[in-house]
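Asks: To start, I am sharing the structure in question, which I have written as structure tokens.
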Amino acid sequence: MTIVIEVTAIQYILAVISGVAVGFSLGLIGGGGSILAVPLLLYFVGLATVPPQYATNPTLARQYLDLVDHVALGTTALAVGLNAYINSYMHFRKGNVKLMEGIFFTIPGIVGAIVGGIVSHITPGQALLFFFGILMIAVALLMLRPQKQPQPGTSISRPISISIGKLKISDISIQKIIPAGFIVGFASGYFGIGGGFLIVPGLLFSTGLCMIKAVGTSLLSVGTFGITSAAVYAYYGYVLPLLSIAYLVGGIGGGYAGSAIASKMPRGLLRKIFAIIIIVTAIYIMFESYKGLFLIFH
């Protein structure tokens, strides 16, 4: 029997609302704000609720949950990737996107995202969700750490100047940026995330960019990794495009609202509150999916 995910009109509306919440949090606190996209899709939109036609058969119910866990990751990856490309436009206009640094980081990341997506496909859905819960806790702990802003122009790696046509890349360690891009890309592909909270530190680690340019440049990678991950997930049938669009529409509106009031709110306190929400959500996800680990070891 073929497992089919049927999405109702109400669920599309809930997806738009979820997109607003994700976009708002992303605009309000920055990196890590989109980490709740997957649990919202599963538990608020309701994809994790097993339909009656599958609920009475344990095997079909398990197959449905395995499918829907992968679909949640693939669907949100597409939405996050598209949203990152849209947001990168404003940073590009302000000169905050360094193309060469972004390209050198993104190319190995694309390879990593493809490999990560393939490995994700062979990972049982419930186990994948459990690992995603661990990732959420890691993100929350990073958000709780005091933020340190590098001084503009501060070099973090040994300068190496590379020119291609009129494009020039400087203050960059190739030995660092290629493995860093691949690792972050793999995580993005495996978990179906844009990975902005990993990409910004990765760029700071491997290039001499200041924080604002690292953030702007990261959106190029977030968008590319998200789209690449979504493409791999779509190949296996793990993307619901209309739900992604609903998320995207809500996310754009929520992002503008969050950005508009971000300067008026105590961002440090907001990040701590949001981190606690992420941890609580992660614990719930891990509790709901821990049995999936047995599918790996048996």
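Using the three backbone atoms N, Cα and C, a Cβ is placed for every residue, glycine included.
Copying in the features that TrEMBL gives for the protein in this structure:
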type     : residues : note
TRANSMEM : 12-45    : transmembrane segment
TRANSMEM : 71-90    : transmembrane segment
TRANSMEM : 102-122  : transmembrane segment
TRANSMEM : 128-146  : transmembrane segment
TRANSMEM : 219-236  : transmembrane segment
TRANSMEM : 242-262  : transmembrane segment
TRANSMEM : 269-287  : transmembrane segment
Asks: Name the range, of those listed as 12-45, 219-236, 242-262, 269-287, that has the largest tally of Cβ pairs under 8 Å with the transmembrane segment (128-146).
Replies: 269-287
Asks: For the transmembrane segment (219-236) against the transmembrane segment (12-45), do we get 3 or more Cβ-Cβ pairs below 8 Å once near-sequence pairs (under 6 apart) are dropped?
Replies: no
Asks: Sort out for me which stretch, of 12-45, 71-90, 102-122, 242-262, has the most Cβ pairs below 8 angstroms to the transmembrane segment (269-287).
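Replies: Answer is 12-45, with the largest number of Cβ pairs below 8 Å.
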Asks: What same-chain residues lie close to the transmembrane segment (71-90): Cβ under 8 Å, and 6 or more beyond its ends?
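Replies: Beyond its ends, the transmembrane segment (71-90) has Cβ neighbours at 5, 19, 23, 34, 37-38, 41-42, 47-48, 97, 120, 128, 132, 188, 191-194, 196, 216, 219-220, 222-230, 233-234, 236, 238-241, 243-245, 247-248, 251-252, 255.
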